[in-house]
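Undergrad: Got these off Swiss-Prot a minute ago, pasting:
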ACT_SITE  Cys247  active site, nucleophile
ACT_SITE  His331  active site
ACT_SITE  Asp333  active site
BINDING   Ser46, Gly220, Gly222, Met248, Gln251, Asn289, Gly291, Tyr292  L-glutamine binding site
DOMAIN    172-358  domain 'Glutamine amidotransferase type-1'
REGION    1-169  region 'CPSase'
Amino acid sequence: MTKRLLILEDGTIFEGEPFGADIDVTGEIVFNTGMTGYQESITDQSYNGQILTFTYPLIGNYGINRDDYESISPTCKGVVVSEVSRLASNWRKQMTLDAFLKIKGIPGISGIDTRALTKIIRQHGTMKATMADDGDSIQHLKDQLRATVLPTNTIEQVSTKTAYPAPGIGKNIVLVDFGLKHSILREFSKRQCNITVVPFNITAEEVLQLNPDGLMLSNGPGNPEDLPEALDMIRGVQGKIPIFGICMGHQLFSLANGAKTCKMTFGHRGFNHAVREIATGRIDFTSQNHGYAVERSSLPDTLMVTHEDINDKTVEGVKHRDFPAFSVQFHPDAAPGPHDASYLFDEFLEMIDSWRCTSK
């Protein structure tokens, strides 16, 4: 059987068995520490352009089902596992992980020492990597990898091109799609909200023309500093309607208010990150997927830190002191992961009610 190679930017080479699509790819290699939820992770558009390493030793044992998609068209570049289950056993299963990746054109590699790989990423940071069959010249692959420039328009690639509705009978929410997870839509639909999903480059004027009760800024891939148009939109809407941001939305909200962001060494990607709510001391276990963070020292006086990561003190939430607006770095929608923080969707809707009363 043909072997598949995983070549890192620092020259490290791993050899494993191929599964999924039979193509060569290059992307940023990252790792996810979740024990389950591989379908949700692979279909999360926040992984656009990235080669996704799962640290859990066995992936694929319950297959792929019709319910757990976070997007219909996954855009991660590749999947790296220690062992892939070629058989899948679950009453909801539609197909195996191998079959799914073949259909979606995503290559996988198994038989990799993912512990050793994760240690390299933790020590040296995320880096470029190439997955290719071992019939290719290794030196040629290394030269190609070194010369590859990863794209920066990752959000443009995954955002909706046109606005579309998700009808409901409740509050009107404009949801900006920076790489939207379906679970965010589901959380608002549970609460009967009337949602309009809009492209990433919508203007403040266009948002306000939709007469929304609130603005939701979704998750998404890449560097938030690559979206100056989104910052202008947030500044134009802020103070006129309540705002809630998640993940990329959190970073954009912070940037729009004068804070700075920085690239993390290896990021937070997993489903068991403990976060403290500073006001109450409450601890929530959260789902996270981000490679950038808001710099605490850069926060203006108008923003207050509401949540922080217990382990490394990363800013995990902020709130505006003057306007009805807040954001969190983690995913209260979970999918996958714990639902400890799903109450934040209710707090956003309560904020809308309060704003209506005070702005009359």
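Sequential numbering from 1, following the chain as shown.
Each Cβ is built from the backbone N, Cα and C atoms, and glycine gets one as well.
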Undergrad: Among the binding-site residues Gly220, Gly222, Gly291, which residue has the largest number of other Cβ atoms within 10 Å of its own Cβ?
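TA: The residue with the most neighbouring Cβ atoms within 10 Å is Gly220.
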Undergrad: Using C-alpha atoms only, work out the spacing between Asp333 (active site) and Tyr292 (L-glutamine binding site) and round it to an integer in Å.
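TA: Just about 19 Å between their Cα atoms.
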Undergrad: Record lists Ser46, Gly220, Gly222, Met248, Gln251, Asn289, Gly291, Tyr292 as binding L-glutamine; longest Cα-Cα distance in Å?
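TA: The L-glutamine-binding residues span at most 13 Å between Cα atoms.
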Undergrad: Using all protein chains in view, find how many other C-beta atoms are within 10 Å of the C-beta of His331 (active site).
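TA: A 10 Å sphere around the Cβ of His331 (active site) contains 27 other Cβ atoms.
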Undergrad: Given the recorded L-glutamine site (Ser46, Gly220, Gly222, Met248, Gln251, Asn289, Gly291, Tyr292), which additional residues of the same chain have their Cβ within 8 Å of the Cβ centre, ordered by sequence?
TA: Gly179, Asn219, Pro221, Asn223, Pro224, Cys247, His290
Undergrad: Fill in the CA-CA distance, His331 (active site) to Tyr292 (L-glutamine binding site), as an integer in Å.
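TA: Per the Cα atoms, His331 (active site) and Tyr292 (L-glutamine binding site) stand 14 Å apart.
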Undergrad: Any idea what DSSP makes of Tyr292 (L-glutamine binding site), helix, strand or coil?
TA: strand
Undergrad: For Gly222 (L-glutamine binding site) and Cys247 (active site, nucleophile), determine the Cα separation and express it in whole Å.
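TA: With distance taken Cα to Cα, Cys247 (active site, nucleophile) is 11 Å from Gly222 (L-glutamine binding site).
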Undergrad: How many other Cβ atoms are found within 10 Å of the Cβ atom of Cys247 (active site, nucleophile), counting all protein chains shown?
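TA: A count of 30.
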Undergrad: Looking only at C-alpha atoms, tell me how far Tyr292 (L-glutamine binding site) is from Cys247 (active site, nucleophile), rounded to the nearest Å.
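TA: Between the alpha carbons of Tyr292 (L-glutamine binding site) and Cys247 (active site, nucleophile) there are 9 Å.
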